[in-house]
Amino acid sequence: MASALHEVTPFLVILILIATLGPLQFGFHLAELNAPEDVITCQKKSISALQQLASLVITKSSSSDDVVDCIPMSRSDFAAISAVFTVGGLLGALTSGPFTSARGRKLPMQLTAAFYLLGSIVETSAGSVPTMIIGRFLTGVGAGASTVIVPLYISEVAPPTQRGFFGAFTQISINVGILFTQTLGFFLSYGSAWRWIMGTGVIIALAQGLGLALLPESPAWTASAKGDVTHARRVLQRIRGRVSNIDEEVESWGQGASKPTSEEEALLVSNESTSADASGLLTPSAGAQHSPRVHLGFLQVLRDPFTRPAIIAVVGIMFAQQLCGINSIIMYSVSLLKDLLPISSALLTIVISIINLGVTMAASPLPDRFGRKTCLLTSIMGQGTSSLALALAIHFDVKILSAIAVLFFVAFFAVGLGPVPFIMASELVGPEAVGATQSWALGASYVATFLVAYLFPIVNAALNDAFGGAGWVYFIFAGFALLWAAFVSGRVPETRGRKDADEVWGRTRRVD
């Protein structure tokens, strides 16, 4: 335990916090339209008495402004604006895997910051549906790439015994972004003030771009792709601290260099404080060089019999993450629940986001303690039960039960389906296939998210019209939960405590 704690250095924590600004913006932009939906679409000037009071003050002081208060649009226009974020996310996810395998982790993360920045600027200034679609698409590209690259980077810099814990930081940061934007939406959903919500994305993107200048390249990528084990070891030792034993991890890079000679070891210690430049990077050593490992491409991992089961598993759990219905709450809760619950739906959405964040943080040690698969199954069955309760409560107009069911629905998501898929995507394959596997995983996630984002309001309205009342769509989500529980039980292996992908899948040796 003590040795594990020694590996958690302030530098490591700073790296992870900076890296997770990318997923934070994913959560931010995913939920940014939820609270101000009625204001943006010109249906209302405000969504609460608090904002109505504020809008009176703003109107008096800004009557000459040329800023457009709202953008007239139909329900299908708004659905397209919401869903195009996932189209951009799909593109970012599919292209970032091969790109990060070839060019490392740092440069792609810097490019995501650029997409977030440009997209946020376009959204903030948008005065029409097409312009808003362009802005949402650009931020979606950044989001898709971030959710591929950042979990991969974290898994490569975090101590092996704590990858489950630090892997949960991706989902924690997404939830922080959701909570932040929902809170802004509660106070700024009036007049043209909703543009400040979009403008906050510009500020976060700038902070991300500046912070990324401090990040070193992933040591595992430096060793496997560039073959520079000496430099990679030096970087990893700096991240983990001088007293941390990294020999076994260096061996796992598969470059034939487990422990340095006494001369190399002396150089590592002496260079630790002198080879770092002002940006936090370490100067590559002219020491041991090894042949770079060949990385499998997007289609190769599907054709390879050793990696195909992993692709099926990660695509399945990513579809499960979305098709159990979480984004019906994250993206549409304010309009969906406004006439069904005993309190303000905008306020309830903030409460939901707080619970989502709190449970995710509290549950972050669980994948390392009880296993990834156990957490997934608990999460899926819990969400399925909550969906059933929510459907019945909405249908029979039991408002208190509706509110409780929504809170449990979100809490169970945070236990497993939220963080675990991001962790497992990099644990089911070897280093040569991890980039392409992440692209498959996040590509599946964005396809499923698009289906929910675009079809949920349409299917929900159609079912309500066909059968009368409301809440029918949550019977469908409850049914999906049963299907995905069966899938995880039969097709997803446990990865906790496994040394490599061969051990995960019960192979004695991988033949390349």
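In case you wondered, yes, glycine gets a Cβ from its N, Cα and C as well.
Just so you know, TrEMBL annotations are computer predictions that nobody has curated.
Per TrEMBL, the features are as follows:
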- 15-496: domain 'Major facilitator superfamily (MFS) profile' (DOMAIN)
- 250-269: region 'Disordered' (REGION)
- 12-31: transmembrane segment (TRANSMEM)
- 78-95: transmembrane segment (TRANSMEM)
- 133-154: transmembrane segment (TRANSMEM)
- 166-188: transmembrane segment (TRANSMEM)
- 194-215: transmembrane segment (TRANSMEM)
- 310-334: transmembrane segment (TRANSMEM)
- 340-363: transmembrane segment (TRANSMEM)
- 375-394: transmembrane segment (TRANSMEM)
- 400-420: transmembrane segment (TRANSMEM)
- 440-459: transmembrane segment (TRANSMEM)
- 471-489: transmembrane segment (TRANSMEM)
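Ranked by number of Cβ pairs under 8 Å to the transmembrane segment (440-459), the listed stretches 133-154, 194-215, 400-420 are led by 133-154. Counting Cβ pairs under 8 Å that are 6 or more residues apart, the transmembrane segment (194-215) and the transmembrane segment (12-31) reach 3 or more and are in contact. Counting Cβ pairs closer than 8 Å and at least 6 residues apart in sequence, the transmembrane segment (12-31) and the transmembrane segment (400-420) reach fewer than three and form no contact.
Cβ atoms under 8 Å from those of the transmembrane segment (166-188) belong to residues 16, 20-21, 23-32, 34-36, 48, 50-51, 54, 147, 150-151, 154-155, 158-159, 194, 196-197, 200, 330, 334, 346-347, 349-350, 353-354, 356-357, 360-361, 363-364, 367, 414, 418-419, 422-423 of the same chain, restricted to positions at least 6 beyond its ends. Non-local neighbours of the transmembrane segment (400-420) in the same chain are 167-168, 170-172, 174-175, 317, 320-321, 324-326, 329, 333, 337, 340-343, 348, 351-352, 355-357, 359-360, 363-364, 366-367, 372, 375-380, 382-383, 385-387, 389-390, 392-394; each lies 6+ residues outside the stretch with a CB under 8 Å from one of its CB atoms. If you look at the transmembrane segment (78-95), the same-chain residues 6 or more away from its ends with a CB under 8 A from one of its CBs are 26, 29-30, 33, 37, 40-41, 112, 115, 119, 129, 132-133, 136-148, 298, 331, 438-439, 441-443, 445-447, 449-450, 453-454, 457-458. Below 8 angstroms of C-beta separation, residues 317, 320, 324-326, 340, 363, 366-367, 401-402, 404-406, 408-409, 411-418, 420-421, 469-475, 477-478, 480-482, 484-485, 488-489, 492 of the same chain, each at least six residues beyond the ends of the transmembrane segment (375-394), sit close to that stretch.
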